[in-house]
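Enquirer: Okay, so Swiss-Prot annotates it like this:
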BINDING   486, 492  Mg(2+) binding site
DOMAIN    553-612  domain 'KH'
DOMAIN    622-690  domain 'S1 motif'
C-alpha cells in the first residue's frame, strides 16, 4: 500500500497541501504541492558523485506546464507540448535563483529539479506553488542544502499589502512582488510596481518574508516526519599550505592588476598572472592539481577586490562607492527606425530601438492561465562580441529572456494605455558592450527610444544596479557595479524607476545576514543614482517628441454602428479586402464598431475613412442615386449605388412600357439613375429607373 505523508496549512487566504511518498519513488525526492486546485509535482534527483574534473555546480531547474492541467489539448501540429515558453523559462529562473546560493560552495554533484504543473486554477499562479515544491523536495532529499526556503507573492491594493493575491486581485494591485528566503534571510526578490516609494517596496519585501515563515515551519515538520538521511558528504579540506603559497605569489600582483581601469586590459593581465603562478607552482611540484590552483587563485582574487572595498579604497575602476560611471546619451541615431537611442554607461552600452505597429502586430499568448494579447514587447539581445568573445548566435537564451523581462518590468508602469496610444510597440535592446548591468542600461535606452518615437510615456525611467560587500558587521553598498563586482560581491540589487518612485526591483543575495537596514541603504543610494542618470537623460530628450516618425504608421480611429460591421467586411471579407487594396491602408474592426485605420500617408487614411462612411451611410428612401449595372437576370438587374450597396431594379421598373427582355434596355457596366423605393427589414434595396427618369425627378447623387 502506498501511504502518502501530508502537511496541510493555511497560507493567507489559500490552503496549501504538501504530499510526499506516493509518486516518483525512484527520484531522490518528490512532492505534490497544491494551492486551491493549482497543483505542481516537483522532483529532485542528485548524483551521489561529482564528475571527475567538474569545476562548477551543475544545477538544472526545469519548470514545465502541461496543457491537461487546464483541461486543454495543445494546439500545435503534433498536439503535444514543445519547447519551453517564455513564461516557463522565467519561472525556471525564478526557482533557480533562491535555491542556488544554499548549496555548499564546494558541492559539485549534478542536481536536477523538475517542476511539472499538473492542475491549474486560473486564479492561482503556479510559480509560488512550484517554488514551495522545490524547497520541500530539496529539504526532503538529504542532498546538502541549507534550506528550506519559503516563497510569497505580495500585492498592494488600497494601500494595503496582500499576501498571495489572486489573478483578479492582481489586476487591481499596484505591485506584483515575489520574495523568497530562508527563516533568517531574504534571498531573492522579483517585482514590478506602479511607481511606488522605496519605503513601500521595502515594506512589501519584509511583509512577504514574515508571512512565508509558515511555509518554512511546515516543510521542516514534513522533513522531520519523512525526510531522507543526510548525505555523507564532506567538503574537501582546504590545503592551507598551498593557499598560503598561492597568496604569496599572486596577491600583490592581482592587487596591482585590479588597479587597471580598462576591462579587457585588466582581464589580460589577470589571466597572465594566473598562468604564471600556476606554471611556477607546477614547476616546483608536478603532483599539484592545476584545477585546485585555479580555484585558490579565484579565492585570492575575490579577497583582493573585497578587502579594498571594505577598507574604503577606490574601486576597480577608481570610483568611490556611490559614483556612477561616465554617461553618454544620444537619441535619433538610426534614420529609418521609428525611435532609437544609444545609451552608454562606462563600458556598458545599449543600442535600443522602438518600432510602432498596429493591433494585428500584437503578440497573442496562449498560457495555462488563459489567453491574452500583449501589445508591448521588449526584446534583449546579448551577442558574444559585447564582451569581446566569440560564440553561438541564434535564439535567445534563458539569461536574455530574463533580462528582457526585467527591462520590460522597468518600463511597463509608464506606458500609455491602448486608448491613449493605439499602437503595438516593440522595443529591442542590442547590447553592444557589457561590463555590468546591461539590463538597467536597456531600461534607460528603452525610455529614450520610446520618447524619440513619440510614444507618450508618463515619465522617463532609468535603472541602476547596486552591489554589496559584507564581512561581519562591516558592509559597503556599491552603486553602478561592474561585472567583476557583481561576480565577487554578496548581492546584486537592480532598481528601475522614475523621479517619483520604483517601477521594478530585482534582488539576488548570496549570503545570509542582509538586514532591513542594509536594504534601506541600498534603496536610498539607488534612488540618488537613478535621479542622477535621469538628469543626464533629460539633457538629451526631456519629453516625448510631438509627432511620430514619418516612417511609422499613423492610426486613425472612427466609430460606426455595430450593425454596419457586416457591410464593411462584406461577404467572406470581400469589401474590406477591396478597401485595403484600393486605399493602401490597414483596417481593423472591433466588435463595438471601432475602426482603426493605419497608413503611412494621411491622404490614404482620409480616403479610407471617406469610403467607410459611404459604405455605412444610411440609404434614403426616395432619393435618386447614380448607379451602375453589375448583374443582369431574367427578372431585372442589380445596380450598385455606391458605398458597397447594391439593389434590384425589377423588370417592371426599367421603363414606362412593358419590357420583354432586360438586355434590350440595359447592359453590364451601364450608368443609370435609380430611385430608392424601399429598404426591407433584411436590408434589401428595391430600386426604380422608371421613377428616376420622370420629368420632375431630382438630379441623381453620384455613386463612388
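From the backbone N, Cα and C atoms, a Cβ is placed for every residue, glycine too.
Any idea what these are sitting next to in the structure?
Expert: A 10 Å cutoff on Cβ-Cβ distances gives residue 486 (Mg(2+) binding site) a total of 17 other Cβ atoms nearby, all chains included.
Helix, strand and coil content of the domain 'KH' (553-612), in residues and according to DSSP, is 32 helix, 16 strand, 12 coil.
The average pLDDT computed over the domain 'S1 motif' (622-690) stands at 87.
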Enquirer: Identify, in sequence order, the residues in the chain of residue 492 (Mg(2+) binding site) that are 6 or more apart from it along the sequence and have a CB within less than 8 Å of its CB; answer 'none' if there are none.
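Expert: Sequence-distant Cβ neighbours: 465, 466, 467, 481, 486, 506, 507, 508.
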Enquirer: Secondary structure at residue 492 (Mg(2+) binding site) (DSSP, helix/strand/coil)?
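Expert: For residue 492 (Mg(2+) binding site) - judged by DSSP and reduced to three states - the answer is strand.
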Enquirer: Using DSSP, what is the helix/strand/coil residue split across the domain 'S1 motif' (622-690)?
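Expert: Counting residues by DSSP class gives 6 helix, 36 strand, 27 coil.
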